[in-house]
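For reference, the structure discussed in these notes is given below.
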């Protein structure tokens, strides 16, 4: 079995295992932790759904499902960043941006690149926007006077770890989205290219679990 397939199933297994403590403590989760919980569920649906569709479809095409799930996850993560970012103007932008992103999603899926291809235009835009949110939140934490006054270390906050996990994965997926169609047009995708995205996903889940532990400890 290829390395990237092994990493895919390892990541899926960790996602399912991580869902257990989040589900067990669901009633005690704060708003941002619940969005991460929903993101985990969507990731599991994404992984299993794309595998099943590839097996059942005649041409093994699941690219349309990728695009739909990426948009759903964009909405979920927009809720996360709308909750953690304090700047009112930026929060308004976060709440408005899903509309133009939806337009790009529909155009890319139905007109530009089509349902048979990886929608790199939409997914690259989506990853870039989420990366900007992640950076804004990091900068907010570094300059948060409330945290400084109360001597609260940012690494004691669950949201810091959630954001770190998302940032790490988004960095790997951004490069993947940007280069996918170009590399695919030149032949089979290099195993390393596929593996990087899954390694980023595994590291993301580890950081999510650290964030969950920080939340439980503070409660």
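Glycine is no exception: its Cβ is also placed from the backbone N, Cα and C atoms.
What TrEMBL says about this protein:
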| type | residues | note |
| --- | --- | --- |
| TRANSMEM | 6-24 | transmembrane segment |
| TRANSMEM | 36-57 | transmembrane segment |
| TRANSMEM | 63-81 | transmembrane segment |
| TRANSMEM | 93-112 | transmembrane segment |
| TRANSMEM | 118-139 | transmembrane segment |
| TRANSMEM | 160-180 | transmembrane segment |
| TRANSMEM | 192-213 | transmembrane segment |
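A Cβ distance under 8 Å defines the sequence-distant neighbours of the transmembrane segment (93-112), meaning residues of its chain 6+ beyond its ends; these are 64, 67, 71, 74-75, 78, 81-82, 85, 119, 121-122, 125-126, 129, 133.
Nonlocal intrachain contacts for the transmembrane segment (36-57), taken as residues 6+ away from its ends with a CB within less than 8 angstroms of a stretch CB, comprise 8, 11-12, 15-16, 18-19, 22-23, 26, 29, 65-66, 69, 72-73, 76-77, 80, 162, 201, 208, 211.
Here the transmembrane segment (192-213) has long-range neighbours at 3-4, 7-8, 10-11, 14-15, 18, 21-22, 25, 33, 36, 40, 43, 158-162, 164-166, 168-169, 171-173, 175-176, 179, 183, meaning same-chain residues at least 6 beyond its ends whose C-beta is under 8 angstroms from one of its own.
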